[in-house]
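Single-structure report; data block below.
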Amino acid sequence: MQTRHRGLRALHLPVKPIFFSCKTKVRGDILIVVLLGFLLPDRAMGVLSNGRGSIAALVFFLVKFSTATEIPLSVQQVPTITKQSKLQVAFPFDEYFQIECEAQGNPAPTFTWTKDDKPFDFSDPRIIVSNNSGTFKIPNEGHISHFQGKYRCFASNKLGVAMSEEIEFIVPSVPKFPKEKIDPLEVEEGDPVVLPCKPPTGLPPLHIYWMNIELEHIEQDERVYMSQEGDLYFANVEERDSRSDYCCFAAFPKLRTIVQKMPMKLTVNSSNSIKQRKARLLLPPAERGPESSVTILKGDTLLLECFAEGLPTPQVDWEKVGGDLPKGRETKENYGKTLKIEKVTYRDKGIYRCTATNFLGWASHDFHVIIEEPPRWTKKPQSGVYSTGGSGILLCEAEGDPAPTIKWRVNGSPIEKNPFAGDVLSPREISFTNLQPNHSAVYQCEASNAHGTILANANVDVVDVPPLIQTEDGKSYAAVVGASTFLHCRFFASPEAAVSWEKVEEMNPLEGRRFQVHKDGTLQLDGATEDDAGQYSCWVVNAKGRAVVTASLDIRNATKVRISPASPRVPTSHTLELHCESQCDAHLKQSLRLSWSKDGEAFEMNGTEDGRVTIDGASLTISAVTLEDQGIYTCSAQTELDNVTAVTQVTILDVPDPPEHLSLSERQNRSVRLTWEAGDDHNSDISEYIVEFEGNKEEPGRWEELRRVQGEETTVVLPLAPYVTYQFRVIAVNEVGRSQPSRPSDRHETPPAAPDKNPQSIRVQASQPKEMIIKWEPLKSMEQNGPGLEYRVTWKPQGASVEWEEETVTNHTLRVMTPTVYAPYEVQVQATNSLGAGPEPQSVVLYSGEDYPDTAPVIQGVDVINSTVVKVTWSTIPKDRVHGHLKGYQINWWKTKSLLDGRTHPREVNILRFSGQRNYGMVPSLDAFSEFRLTILAYNSKGAGPESEPYTFQTPEGVPEQPTFLKVVKVDKDAATLSWGLPKKLNGNLTGYVLQYQIINDTDEIGELNDINITTPSKPSWRLSNLSSTTKYKFYVRACTAKGCGKAITEESTTTGDGGKSIGKIPEGVNVTRKMHPVEAFEPGAEPIVRVLPKSWVDNNSIFEDVIETRGREYAGLYDDIATQGWFIGLMCAIALLTLTLLTVCFVKRNKGGKYSVKEKEDLHPDPEGQSGKDETFGDYSDSDEKPLKGSLRSLTRDIQATESADSLVEYGEGEQGLFGEDGSFIGAYAGSKEKASVESNTSSSAAFPLRA
């Protein structure tokens, strides 16, 4: 009985070869085989769920026909070559060259080699031999050319000899152009020229380039061509072809080598008599005659070339005699000079003709193309395992062109020299009977023709052994409910063995339609259920013995998957969102993987290049969808045991395609039928069609809507106007939007007719008295109905029994004079054209031109409502004095003087109009306590009439505006001094102020409001006493007149702590820039810092600049802790006195002309940063007598008392201009003396120092 080998000894089936792959995962003691499209039967366990019929069927097919298994290496067997080299090239840049030959067998094979069919010394010290294999390395050391040749490997043991195919080892030489002297070439203009290249031989591929010495390519065109051999052809030379550096370069990429031929010089002499000549072929050369043959291997690329000389330059055409060139595989290159056919087949053989032509003649050449083929197997001998007494046959057939020669060998030698008894030999098969163990051997079949040789080894192993089960005992399997499952029992047995499976607890062979045992021992279980879980045993029995293995099977719940939403419909440019909902067995959750595909093509997990597709776990999002996104979307849920899918149809909606094939029929004077065909609705039914037309002579190219048609209709009768050349187009509408307009229809012209309507909107334009300028809306181009449009205008006084006056005009305006002002007239306007008049016109009443009113109203009185508003009354003028349509009355008023100071104001007139017929009006926004005058007049559409006599009135006192500012200029422990500015508008005689204050500490409680009435309006300041220390107050100040008090201005401030002062005196002669930096402007916890700079330190714009810096809250807290300590105050005073002493010494030395060094300066004035930021010393000295000293002051906290140093500011004194805010910011200004300045503290210590102005 014969059992076939696997692997290299594959079973020959009467079907196309199929290649499969699988991945095997071992997890714990459970072997799980994941099918990847197809399954290898000897490795794969059935893991197929319901609905995977195609895969299950394929697995069944493979298992059914894969009856062979590998011979275990523990069983004696002939050698089998498992790996060998192919063509090997000795590239000069490689370190070594390896020629491989690997084989297996039992006993382990030994290796020998032949080179060029002669024994090769495998022990040559110049080669490195690998252990336990036939592989050896040739180091790239010195000359290795003597290793070049054709090698063959033989692997042998006591049972037989396996032989490899020939392995050619090529040692390429370095290609070089021969050294030669190339004579210059001199020709006449128009002559043909060939510049030969003749590149050296070398390892293919070969690339040839023609360039100049600057490595610029020689341009090729219809006139200049480089042949496949590398020669450069000129059909006719021109003067510009002259050059001395034509260079041919040959590149060998595999050798990384480029070689250059010596430059060639070509001189083209100009000629006054260039003779034209007919085409003559230069390629193929004339010595080949009118035809030649070309042999090419099947599947290669055919290249045929023709080049002709002549003047003018000939054109080359190609044809296949008696047939057509193969479409899709043929291209014409190099301006038609090369015919290229890719992947030639036997159908491409035949005669190909090239024809070169110019107007003087032609030349042609026929190529007889012959297609041949290297040998290829049609029946390849297969290895087999046989038992004693068995029989078999080896087939060997091959095809090729020429037909291959078949040769048989056994154990590497010609079979004629070493035949086995009982073998029957024929050219294409060997048969044998009654095999015995000594008949084990390796048979070789070799097929050869002129284009190559192929070799096949077929092992004949005669073996008698009891069953050897190769599947591991106790293996665990798992499957999902409903799936087909495969439990393996791979074995080797010779002679043939019987296989049976049984469930351990039942002890009976498995029977039934759900169970099938394959020849390789595999148990196929279809439609798995939970009851199938348990222990199984496999028994293998032959004439030599028996063997058994056990296996366990676990059943899991099948995976389920669903896509939501189902069958979505999404408009273009919107976003598609799909969610894959899955459910699987708890044991399979870790292996669950979800993937998405569209129409069978998988999405990449990182989306697409344009970023529209995003996959986030189970969600698929596509933004800005297009019609290409429509299709069937699949979500696949894959686990270790099953792979299930869910699909949904995604429909993309878009605006319809434009309607097509517009046609006109039933053409009438006032109508026409338009018919069209609907375009693609892109998955959304068309709801309606919009028919537009173009034909307006005034606006050509402007399309207007004419009619709307229901979506199920594709024809409509359109109403038309006379005297119009129509063109129509149609727009389709669906739920997404409108389509693009269709292509316009043919034009349709309607005949002229009399007008169907008269002008509208007849009116009178503003005109002069006793004049009517009549205007109307002219008829549009589509309403004129014909040529010669005119307007007939008739008019008469309203109600008068007189004849109508008439005038015909071509424009849309008419000027008519009347005997009276503002008299009513009946007016009619009728449209006419060359074909008649329009319908009877309707009359409208219009008035003749207006005139100005000729009288003024009489002011009856002015009533004062309050200090800013008065009510004016007047008598209306008679209707006949209006001389038109009364539009209203106008009041003019102006302020004459202020009653507060008696100052006269220049006349600035204000205007207020009241529409309609009325006799009173309110005048607002007056100034209080002032004198005014006003007049009144009537006005109509023409304009204003005369003014009335002026009327004088006065407004009473009012309450003043709020004070312009309020500042807390001084804060003590229990007192605060406030100052404010007068209101901008007093609105009367100022009687005093109301000062209010209350506690507003940072709590929810607000203190009681205290009032102080100040009856001295000339004193805008006040000192509040008896305040609580360290308390925040809010102050309110209102200015008052006899009428009452105005709006309050407010300010907030905090009193100081014990012993604290917020202000000191500033030395005289010092100005202060008023710059207010409110505390609210700082970050929380920040403290203000004031720096005082001497005059002219930077410029002369100001004496002091205030600089605000911010300290962090942690620094402020530090200063708050130490600022009130006595030791700190004493330290500050000591530092200040020391600094003043040093300054005095320095100035005395300067006045005496003394000098001191920078070192002395540094010693006398240490870095102020060294004081840890707790004080501020004077900065750099000035070397110029004109420059003052630079000083600065830093206020650490509002609670710190002013220091006694010479640069501090003493307490603010009464009557001084200097001011400090409650936060310590310097906001005041000082008056200074040019002679000196003193600095005083609130203690007895003082110091004086000179300042230079």
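Positions of Cβ are set from backbone N, Cα and C atoms, glycine also.
Among the features that TrEMBL reports, domain 'Ig-like' is placed at 79-168 (among others). Counted with DSSP, the domain 'Ig-like' (79-168) comes out as 3 helix, 48 strand, 39 coil.
What TrEMBL records for 172-267 (among others) is domain 'Ig-like'.
What TrEMBL lists as domain 'Ig-like' is 284-358 (among others).
Look at TrEMBL and you will find 375-461 (among others) tagged as domain 'Ig-like'. With DSSP classes pooled into helix, strand and coil, the tally for the domain 'Ig-like' (375-461) is 3 helix, 51 strand, 33 coil.
Marked as domain 'Ig-like' by TrEMBL: 466-554 (among others).
The domain 'Ig-like' annotation in TrEMBL covers 559-651 (among others).
For 658-753 (among others), the entry in TrEMBL reads domain 'Fibronectin type-III'.
Here the region 'Disordered' (737-765) has Cβ contacts under 8 Å with residues 655-660, 662-664, 667, 669-670, 672, 674, 676, 679, 690, 692, 694, 703, 720-731, 772-779, 783-787, 789, 791, 812-813, 827, 829-839, 841-842, 844, 846-849 of the same chain, all six or more residues outside its ends. Residues annotated as region 'Disordered' in TrEMBL: 737-765 (among others).
Taken from TrEMBL, the feature domain 'Fibronectin type-III' applies to 758-851 (among others). Sorting the domain 'Fibronectin type-III' (758-851) by DSSP state (H, G, I as helix; E, B as strand; all else coil) yields 3 helix, 47 strand, 44 coil.
Summarising the annotation, TrEMBL assigns domain 'Fibronectin type-III' to 856-958 (among others). Taken together, the residues of the domain 'Fibronectin type-III' (856-958) have an average pLDDT of 93.
What TrEMBL records for 962-1059 (among others) is domain 'Fibronectin type-III'.
The annotation transmembrane segment is assigned in TrEMBL to 1127-1148.
Marked as region 'Disordered' by TrEMBL: 1159-1196 (among others).
As annotated by TrEMBL, compositional bias 'Basic and acidic residues' applies to 1159-1177.
The region 'Disordered' annotation in TrEMBL covers 1234-1253 (among others).
In this chain, the domain 'Fibronectin type-III' (856-958) lies out of contact with the domain 'Ig-like' (79-168); the count of Cβ pairs under 8 Å, excluding pairs fewer than 6 apart in sequence, is fewer than 3. Using DSSP to sort the residues of the domain 'Fibronectin type-III' (962-1059) gives these counts of helix, strand and coil: 0 helix, 50 strand, 48 coil.
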